[in-house]
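First the structure, in the form of structure tokens, and then the observations on it.
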Amino acid sequence: MFALGLPFLALLVASVESHLGVLGPKNVSQKDAEFERTYVDEVNSELVNIYTFNHTVTRNRTEGVRVSVNVLNKQKGAPLLFVVRQKEAVVSFQVPLILRGMFQRKYLYQKVERTLCQPPTKNESEVQFFYVDVSTLSPINTTYQLRVSRMDDFVLRTGEQFSFNTTAAQPQYFKYEFPEGVDSVIVKVTSNKAFPCSVISIQDVLCPVYDLDNNVAFIGMYQTMTKKAAITVQRKDFPSNSFYVVVVVKTEDQACGGSLPFYPFIEDEPVDQGHRQKTLSVLVSRAVTSEAYVGGMLFCLGIFLSFYLLTVLLACWENWRQRKKSLLVAVDRACPESASLLGHPRVLADSFPGSSPYEGYNYGSFENGSGSTGSTDGLVGSAGPGDLSYNYQDHSLDPVGTRPRLDSMSSVEEDDYDTLADIDSDKNVIRTKQYLCVADLARKDKRVLRKKYQIYFWNIATIAVFYALPVVQLVITYQTVVNVTGNQDICYYNFLCAHPLGNLSAFNNILSNLGYILLGLLFLLIILQREINHNRALLRNDLYALECGIPKHFGLFYAMGTALMMEGLLSACYHVCPNYTNFQFDTSFMYMIAGLCMLKLYQKRHPDINASAYSAYACLAIVIFFSVLGVVRPRPALLTRRKGAHVCTHPPSTPAGESPAPSLKCPPSLAGLERLSQRKGGPGEQLSPHPCLRWPQQVFGKGNTAFWVIFSVIHIIATLLLSTQLYYMGRWKLDSGICRRILHVLYTDCIRQCSGPLYVDRMVLLVMGNIINWSLAAYGLIMRPNDFASYLLAIGICNLLLYFAFYIIMKLRSGERIKLIPLLCIICTSVVWGFALFFFFQGLSTWQKTPAESREHNRDCILLDFFDDHDIWHFLSSIAMFGSFLVLLTLDDDLDTVQRDKIYVF
């Protein structure tokens, strides 16, 4: 059997040898080569050239080696294959080099340069050889140039800037070794030109190095770049105590917000991009030390804990002042004659509820201080003594000690108050008076209102729990994805001042939100103390607490403090990985804070008719819903779909006098098409939408006309409905007869006889509010701002400021005064808000642009080398919000000794 198989074996060997003779090269040319010398040779399918290089490698000195190749024959045939064989690595590439871009476009490069990976050596000095093999399958001779050179600046030095040029086919990378005592550095790369787009990557010192556009994202950390990029690198992430800084120019610019070039081409034909070179500079500098982390945390804690200390001191001073005042009153009552001799007044006329310090002032169009009485007489006369169950005039003149208690009902349910047969007419009479006092709108059981306003706190606490838990889970997932993939384009940090700690990439941006939480907690403690003091006063039947001042309801204050703490928590969550998909985390409770502040301001003089917690939070939920819709980005879609590929049915228009362009091949997927909506051309460049793209018709979405029209209409209608509710104090109905009643009022008040508004002050406020809101609606409809969430927040803040200014003006106009503490709070808070807004508008990053464009706005730290402008915004805005809450809390402290039927409603 073995003898019979020998002829077949011989035939097989002969067949293989013949095939090798046909397919493989017949000649191998091997030569010793030298550095810094250019070799011009030819190669074909019959010839393989091998160049042998040797160089000395030392353990304490790293030297880079760069291979440059240029193919002189521009042919479409078989490319040349270059294989560099080293001791521990093999690098191969073809020339012309073909790299792919979007839509699977092919870009051709005749000149290629690659840096060789340098494996470490354990010997003090070692001679290493490497070989460059050149081969091709082209039957004709192909001429090429080969040059191998040493890189003297291959190792980067701390604090020394180095400039270099690079292209897509000539990537560059450099090595950096951590000096002793340095645990963290920041790699900064800059360029004077935004385009071509480039990628900066940090990779471990391993072979091979991924330094091409199609593989640079395979390993390490990376980010796209136009003019500026920065990556913080920690020693603990690199066991070799060194890393590579890789810089790659991309084949296309759409990843950086640039335009997609319109190259007409046929299928599978590569495009020569020409000269796409970029000059960059790299600088490696030391990052902050652990002492800076400790200093930043101590500074943050010290700033906000000082408010606790200041609050304790003020509380002690106020307690001492009250004790002294009580002692003086006790001495005055025990010995009135001696008290008068000592200069202590026996009776402070303004302090007793039976008299008012404002009797000499006029309110609005009040005349001789009798506006309230006259108005009541008219209303009583028109209603008839038998129809009115609540005699306002007689009640207001009763001594405090003999006046009936308004909270003496047996039941605490609010519905029980409305069981009287004539209560509806009573409400209509009281609430439609021309001039109202707080007593008119503080008639409900205090226990009922207390429970009603406590719902604000419990609801927002429930909302906070259910809102915060998924948010925390989501941002942890975001941070994990960033850490695992190394893609730093996911999050929009200020990379020039982003200090990592543990798994967090920007710990300083999270730490600076601590002020919201600490000051929110401090505000809750202040409210708790006030409530305890108020309840003690009620237990000892203090007449001032029972019948004087603005009615004390603390539920909304608790809700405001909770909202401030949640704003800090959610803002910290947003800054774990800031981007446009989670920006609503940073703004949701801002809407709530603005809404709660307006409700609290309105509740001060309208405790009986303020909105319930359910309706208030429902309205805020609608606002948040629109904020989510406003950041939805419409995605592009393909025009048509054909078998195997997507081809445009309508090619781009051809200018007159030019030949029609060939069809453009469209991509097989939608990946990356969103960037086309943000293309930007250079000076004088005319750009048109990509022929393979169109915007789908969507009802909602940023920049969508239908969305802005719908939102503006809803905004205006809501403004009108709220204005009507406020003007008539809720005494109106939205039913089928509303149109008839509106026409009747217009006919009787405007056509039949021209009469002014009954409630002048309210009308002034509402007219100004409508002007501002209509203007904001028109601005949004015309300008369509990209940052819809901030636009919504601006609407809320403008309305809050308008109402607050109106409240202050009317308070002073009514003869009331502002005490020293609220006055100082107003002044200091206004100043702090001014500085806070200055830092807010610095714009260190923006997710409205691409990540590379956002990094152009990055800036260095400005406070303690640890905090940036946005961190200072966090500090100042938390202090300003806390001050604003204190203003609302103490604004009407001057009325604590004034009867409620002497406090006017506006």
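Even glycines carry a Cβ here, placed using N, Cα and C.
The signal peptide annotation in TrEMBL covers 1-18.
Within the same chain, residues 499, 501, 507-508, 511-512, 514-515, 518-519, 522, 525-526, 529, 821, 864-867, 875, 878-879, 882 sit at least 6 positions outside the transmembrane segment (292-317) and bring their C-beta atoms closer than 8 Å to a C-beta of that stretch. The transmembrane segment feature in TrEMBL is assigned to 292-317 (among others).
The transmembrane segment annotation in TrEMBL covers 456-476 (among others).
Per TrEMBL, transmembrane segment is recorded for 510-528 (among others). Tertiary proximity for the transmembrane segment (510-528) is limited to same-chain residues at least six positions away from its ends with a CB under 8 Å from its CB atoms, namely 296-297, 300-301, 303-305, 307-308, 311, 504, 554, 557-558, 560-569, 571-572, 575-576, 867, 870-872, 874-875, 878-879, 881-882, 885-886, 889.
Using a Cβ-Cβ cut-off under 8 Å and counting only residues 6 or more beyond its ends in the same chain, the transmembrane segment (556-577) has close neighbours at 453-454, 456-457, 459-461, 464, 467-468, 471-472, 475-476, 478-479, 482, 490-491, 504-506, 509-510, 513-517, 519-521, 523-524, 527, 583, 585-586, 588-590, 592-593, 596-597, 599-600, 603, 874, 878, 881-882, 885, 888-889. The feature transmembrane segment is assigned by TrEMBL to 556-577 (among others).
Taken from TrEMBL, the feature transmembrane segment applies to 614-632 (among others). Outside the transmembrane segment (614-632) by six or more residues, the chain places 455-456, 459-460, 463, 580-581, 583-584, 587-588, 591-592, 595-596, 599, 698, 700-702, 707, 711, 788-789, 791-792, 796 with a CB less than 8 A from a CB of the stretch.
Residues or ranges marked as transmembrane segment by TrEMBL: 706-728 (among others).
As annotated by TrEMBL, transmembrane segment applies to 788-809 (among others).
Among the features that TrEMBL reports, transmembrane segment is placed at 821-841 (among others).
Annotation source TrEMBL lists transmembrane segment at 872-891 (among others). Using a Cβ-Cβ cut-off under 8 Å and counting only residues 6 or more beyond its ends in the same chain, the transmembrane segment (872-891) has close neighbours at 300, 303-304, 307, 509, 512-513, 515-516, 519-520, 522-523, 526-527, 530, 557, 560-561, 564, 567-568, 571, 593, 597, 600-601, 604, 807, 811, 818-819, 821-822, 825-826, 828-829, 832-833, 835-836, 839-840, 842, 862-863.
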